[in-house]
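Just lifted these from TrEMBL, have a look:
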BINDING   Gly141, Glu142, Ser143, Gly144, Ala145, Gly146, Lys147, Thr148  ATP binding site
DOMAIN    44-786  domain 'Myosin motor'
REGION    648-670  region 'Actin-binding'
Amino acid sequence: MLQQVNGHSSGSDAQGRESLREDLQEFLGGEVPLHQLDDLTKVNPVTLETESAKGTSASVLRCLQARYTADTFYTNAGCTLVALNPFKPVPQLYSPELMREYHAAPQPQKLKPHIFTVGEQTYRNVRSLIEPVNQSIVVSGESGAGKTWTSRCLMKFYAVVAASPTSWESHKIAERIEQRILNSNPVMEAFGNACTLRNNNSSRFGKFIQLQLNRDHQMTGAAIQTYLLEKTRVACQDSTERNFHIFYQVCTRRGLQLPRCRAEMAPGLCRPRLPQNPQLSPPPRLPQICKGASADERLQWHLPEGAAFSWLPNPERTLEEDCFEVTREAMLHLGIDAPTQNNIFQALAGLLHLGNIRFADSGDEAQPCRPMDDGAVRTSALLLRLPEDPLLETLRIRTIRAGRQQQVFRKPCSQAECDTRRDCLAKLVYARLFDWLVSVINSSVCADPASWTTFIGLLDVYGFESFPHNSLEQLCINYANEKLQQHFVAHYLRAQQEEYAVEGLEWSFVNYQDNQTCLDLIEGSPISICSLINEECRLNRPSSAAQLQTRIESALAGSPCLGHNKLSPEPSFIVLHYAGSVRYHTAGLVEKNKDPIPPELTRLLQQSQDPLLKVLFPADPEEKSQEEPSGQSRAPVLTVVSKFKASLEQLLQVLQATTPHYIRCIKPNSQGRAQALHREEVLNQLEACGLVETIHISAAGFPIRVSHRTFVERYASLRRLHPQGSPHAEQATLRALLQDILHTLPALEAATPAAPAGATPAPVHCGRTKVFMTDATLELLERGRAQVLEQCARCIQAGWRRHRRREQERRRRAAVCIQAAIRSWLTRKHIQRLHAAATVIKRAWRRWGIRMAFLASKELDGVEEKHSSQAPRSPSSFPPPLAQTKLLRAVTHLWPLGLVLANAAVGVHGFPRKLVVFACLQLPVGSPSGYTVQAQTAQEQAGIMSIRALPQGSIKFHCRKSPLRYADICPEPLPNSATGFNQILLERHRLGHV
């Protein structure tokens, strides 16, 4: 019974908990699953697991964990983008197609959170020309969180979206610039990155990349500024760490397949294969295997198989970054030819052999130390092309100048001093080489200052570091992270809330972690850690690690950020940074800060016959005079901390003049394992960087702040949507114009198709000098502005089209009138030419006819006269009767009748023959048979029918050429017609009735 009761009781409890969960789920209104929340400001602090939650931090952590499990690595946190390192390749997350999708999206904020969203937002801010126009992206996080990969992907994104030229020549120039900017990454990473305890590809220097854009917002160049290269790594590395990647690339012995290379400790892909640059000379054919130097090259650089170097720890540990051919190809694209590359790699091999030089203590202070291996000295001098004896002498003997006369004293160095001078020589060569590479890259990608107007800055600095042994390098690195965190706090957390109060907004202040106290401890005035270290450098006495620790603890005992560890066996001090406490060892701290470079080392390197070293160490007499000043006029020594502090101040001035954007890279675990998120580590990073406070302020605040005048100038066109505004726009005050614009927001919300029926109005507040609003309100205003501009554009287009149509119609009518006038003029001219031609033809025809008639009549008159003179007088010669006289007159004047009758196709009595005769003789055709012609002349009796000559004897048909000049000419000859007057037909018959 008890078991049944207990079972029933436990079942009731389970049902009650299930009912409670259902009620809570209903209360939350169907809360969206955590992995679908793209913005941490929307995370509800009341969740189904309130028993284990500790406020908003736990809710944010659960949301990030859910998204990380769902392979969603980017999440918005107000003004900041949180990037979780997946520790595995994600090819589809950084494809060029996805870049173009974010670039072409009308509202990229509506897409999933991504670093491309931040990149597109900065690019659109530059295009909008809203002050400040220049943009900057601060990528921060711990070492191994993925800052280097994030910066690399952002550079690729800008190279894709900001290179859209119009002409082919501009396209080739933009492609060349884009390729060179991308090629600078593998070179800078090979010479400036190394494998540390927390990251396989840790940046051992800071860089600020300035992407330069012209007036058309196309990328025209870039400039790279570096900060504090960790050159001590060349000669000193931890046993579990490695030297710079380039040394392993030169000495690597086995190949790595590029497609199989492991991704660095950063979100995304492995390094892609570099495409060919069409603008540069084609590089030599590179093998498909990413391998190290060839056997001939290794022998040339005295790097045989199996060679061991003391400055090259863990040579058997190969990484994806050991791709030698990728580095060589990138250097080719940057303009560093093969001979120069050989000089570079030869100098690096010389530094490796220099590290193998070991000295044995001579036991006598007056005698220099002896080298333990003469072969290393000889090989190093050969590769660096230095004289062997001066090299050995410079490493073992120190030159001292003292007194007013600058007397020179030569003092043998101890074994430790010889090692220090050897390390100093290697660090000096490598630092000069790195700076020279940066200058070569800048000269290759930097644009003319007159060709660019705006820029987008990418800041990639070393992450926060804490190792078992921390020295000056870690102090400077963490100091830089403190400065960047203070910039974020001052720009967003503190300044934004103070601005709300000044502008009159009802705002309850959110407490946040301010690291100004820690900064005062490091760099404050008059006493700070940096000032005490610099003071130790200026004192003319040997530095003591214990004494420096005592001075720091006594002078800065009142600082809450200074910790103590009395149980530590080594002199050290503890600084409580925003990201955690770090213990710094004071041993060697002052010497590193001094960074002494003996002048005899510089003079030795100036004697080198190597072309590269001649460029790195030119023989400048002015430099020599500055290196050897007199003791009384000696300038204060510029320490490493002083130079680094000055460069940081310059960087912060640039950031303050831009619109900053923040990307917080989070490291899910310290082991670099995928799909593993350690809650405590992630929570410490979230709290240390102030991300929780950022979420609070972003959720309740107004991230968009625009001055009244800028707001009115940009959104004054929205007053068209609210015609009941101020009647006199010109005379209205600025406040009235603001109110008119803000009154259009309800209409814009109602016009939004996706807006729900009971949606709350867009949060906006009009302060004393600025307008505060959220991103949603800004999108609403921009959408309304785009709508008004579209309407105005349509009106302008309609008016322009109407104007063009009227102009076209007017021009058409004018063209028709001109064409009609020209056609009329051409027709008149043509008719006039026809009339003139017809007149000429008629005149010529008449003249020809008259001439022919005259010639014919003249010939007939001559024949008649001849015949009359030869014929005897007879009774018949008397004047003929009247009828005969008329007939002869008709035959005389109408002589062509004979030709017509002779050429007729029909017989003598044909009908056409009669018609022609009647027409020529003008006889009536009514009764042709009634007319008779009686011929009583001698010619009639003879039966001669000729109008030209009387027959002489027997007459036959004949055809010979007429002596007449124009006998064969006819204007329009007809077929079956006579071709000349020479054709005479004679018939011997009596002329009957015609």
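One is the number of the first residue shown, and numbering goes on along the chain from there.
Yeah, the Cβs are placed from backbone N, Cα and C, and that goes for glycine too.
Whatever TrEMBL says is automated annotation, not expert-curated.
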Hey, of the binding-site residues listed (Gly141, Gly144, Gly146), which one tops the CB count within 10 A?
Gly146
Return the residues near Ser143 (ATP binding site) by Cβ distance under 8 Å, restricted to its own chain and a separation of at least 6 in sequence.
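Those within reach of Ser143 (ATP binding site), by Cβ under 8 Å and sequence separation of 6 or more, are Thr196, Arg198, Asn199, Ser202, Tyr462, Gly463, Phe464, Glu465.
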Tell me the Cβ neighbour count for Lys147 (ATP binding site), meaning other Cβ atoms within 10 Å of its Cβ, over all protein chains shown.
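So the number of other Cβ atoms within 10 Å of Lys147 (ATP binding site) is 28.
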How many of the residues that make up the region 'Actin-binding' (648-670) does DSSP mark as helix, as strand and as coil?
9 helix, 8 strand, 6 coil
Near the Cβ of Glu142 (ATP binding site), how many other Cβ atoms are there if near means within 10 Å?
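Taking every protein chain into account, the count is 27.
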Count the Cβ atoms, other than its own, that fall within 10 Å of the Cβ of Ala145 (ATP binding site), considering every protein chain shown.
27
Among all the protein chains here, how many other CB atoms are within 10 A of the CB of Thr148 (ATP binding site)?
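So the Cβ neighbour count for Thr148 (ATP binding site) comes to 27.
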